[in-house]
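Enquirer: First the structure, which I've put down as structure tokens, then a few questions once you've had a look.
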Amino acid sequence: MASKDFHIVAETGIHARPATLLVQTASKFASDITLDYKGKAVNLKSIMGVMSLGVGQGADVTISAEGADADDALAAIEETMTKEGLA
């Protein structure tokens, strides 16, 4: 299992557009990928799950991946987070 912590700097947090991009990125991988926020973990491949967390600016989240391509998945998600100005 691999995991990485992120501090959300985007003014709007993880709203619909970046959430969609994160879900699309995560869905490219076979690994199980979760987003943890305030003690609640959701499947990062589920737009409803990600949106239900209401992650705002200044939040600290952890993304974890478990599976054969976990490291590649985390690297791609980190790239998306950076490219979209989320973290």
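Even glycines carry a Cβ here, placed using N, Cα and C.
Residues or ranges marked as active site, pros-phosphohistidine intermediate in Swiss-Prot: His15. Per Swiss-Prot, domain 'HPr' is recorded for 1-87. Taken from Swiss-Prot, the feature phosphoserine applies to Ser46, supported by sequence analysis.
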Enquirer: Quick one: pull the CA-CA distance for His15 (active site, pros-phosphohistidine intermediate) versus Ser46 (phosphoserine), whole Å only.
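Expert: Given the Cα positions, His15 (active site, pros-phosphohistidine intermediate) is 14 Å from Ser46 (phosphoserine).
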Enquirer: Test of understanding: give the count of other CB atoms lying within 10 angstroms of the CB of His15 (active site, pros-phosphohistidine intermediate).
Expert: 15
Enquirer: Mind giving me a neighbour count for the residue listed as 'phosphoserine'? Other Cβ atoms within 10 Å of its Cβ, every protein chain shown.
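Expert: There are 16 of them.
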Enquirer: Across the domain 'HPr' (1-87), what are the DSSP residue counts per state (helix, strand, coil)?
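Expert: The domain 'HPr' (1-87) comes out at 32 helix, 23 strand, 32 coil.
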Enquirer: Averaged over the whole of the domain 'HPr' (1-87), what is the pLDDT?
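Expert: Summarising the domain 'HPr' (1-87) by its mean pLDDT gives 98.
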